[in-house]
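Chemist: For reference, Swiss-Prot lists these features for the protein:
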type: BINDING; residues: C24, C27, C40, C43; note: Zn(2+) binding site
Amino acid sequence: MAKKSMIAKQKRTPKFKVQAYTRCERCGRPHSVYRKFKLCRICFRELAYKGQIPGVKKASW
């Protein structure tokens, strides 16, 4: 879990546009966040396996 201070800091508008970054909405992780779902890869995988993300299913070929 991310520190509450880092989550609060990220919500503020940055002084420069390039300083903005994405965080997982579920756990607050700053790395490997899918923009479309606003989830990190770990949370995405957990929710996809449970079937809680509509339209996502395990690939097989």
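Numbering starts at 1 and runs along the chain as displayed.
Every residue gets a Cβ built from N, Cα and C, even glycine.
Could you give the neighbours, burial and distances for every feature on this list?
Modeler: In the shown protein chains, 13 other C-beta atoms lie within 10 A of the C-beta of C27 (Zn(2+) binding site).
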Chemist: List the other residues in this chain whose Cβ sits within 8 Å of the Cβ centroid of the Zn(2+) site residues C24, C27, C40, C43, in sequence order.
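Modeler: Here the nearby residues are R23, E25, R26, G28, R29, V33, L39, R41, I42, F44.
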Chemist: Where does C24 (Zn(2+) binding site) sit by DSSP, helix, strand or coil?
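Modeler: Looking at the DSSP assignment, C24 (Zn(2+) binding site) belongs to neither helix nor strand, so coil.
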Chemist: Return the residues near C40 (Zn(2+) binding site) by Cβ distance under 8 Å, restricted to its own chain and a separation of at least 6 in sequence.
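Modeler: Once residues fewer than 6 apart are set aside, C40 (Zn(2+) binding site) is near C24, R26, C27, R29, H31, S32, V33, Y34.
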